[in-house]
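Okay, so here's the structure we're looking at.
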Amino acid sequence: MEDINFASLAPRHGSRPFMGTWNEIGTSQLNGGAFSWSSLWSGIKNFGSSIKSFGNKAWNSNTGQMLRDKLKDQNFQQKVVDGLASGINGVVDIANQALQNQINQRLENSRQPPVALKQRPTPEPEEVEVEEKLPPLETAPPLPSKGEKRPRPELEETLVVESREPPSYEQALKEGASYPMTRPIGSMARPVYGKEKTPVTLELPPPAPTVPPMPTPTLGTNVPRLAAPTVAVATPARRVRGANWQSTLNSIVGLGVKSLKRRRCY
């Protein structure tokens, strides 16, 4: 049978197993035991008494005495009293300002009319009709009817435009075709191509020669055949090769030098 460590099952005091007597289980000596208020109060009293004794020692020491003398020289107590008094006066002033603001607001609300009076519509001013005599209107002259003409004033100028009729066809042929002019005004116009009045003709190329029609062949007659026209064919001129080694090499034709491969063992 294997050995079993029963110490892991025992109650613990921190990380150490508690293997002593069992009558102290449930008291304040173990973790999770009963809480003692008397021990807490005694600890607080001891802490307060230690602070008091330390303060008395510091106050009665030479350093404390020098500090008290310095505070008396600077009138520290009077400054503290003045500060407290100024703070109290400031609080009182703030309260007075808040009270005065509330009083002013209530007075303004009492002076304003109620809401019912605001909703009432204000009476509109009455309209009074006043008759005024206007000057007579100027009557416009009557417009002439469509059939009647408008009378002309005495001092009215009439613009007359004279237009020349184009010449007749026969007259234009007699005069001949005119050359284009350089200016549109008659006195300043000059012909472009000369002063002679010659008719303009259209030069056309001469007509192509016509081929006479061939007679229709009949039985027993030989049909003459037309000879084909001779056509000149241009042949390229041969290059004259110079008598040098390059032309000689170019004229050589053949397979070149014959070569023979032989394997020999030594």
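Each Cβ is built from the backbone N, Cα and C atoms, and glycine gets one as well.
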Annotated motif 'Nuclear export signal' segment (source Swiss-Prot; candidates 31-42, 91-102, 247-258): 247-258
From 61-64, 121-124, 261-264, the residue range that Swiss-Prot assigns the feature motif 'Nuclear localization signal': 261-264
Annotated motif 'Nuclear export signal' segment (source Swiss-Prot; candidates 7-16, 67-76, 127-136): 67-76
Of the residue ranges 149-153, 194-198, the one that Swiss-Prot records as motif 'Nuclear localization signal': 149-153
Helix, strand and coil counts within the region 'Interaction with hexon protein' (48-74) (DSSP): 25 helix, 0 strand, 2 coil
For the motif 'Nuclear localization signal' (149-153), the mean pLDDT of the predicted model: 61
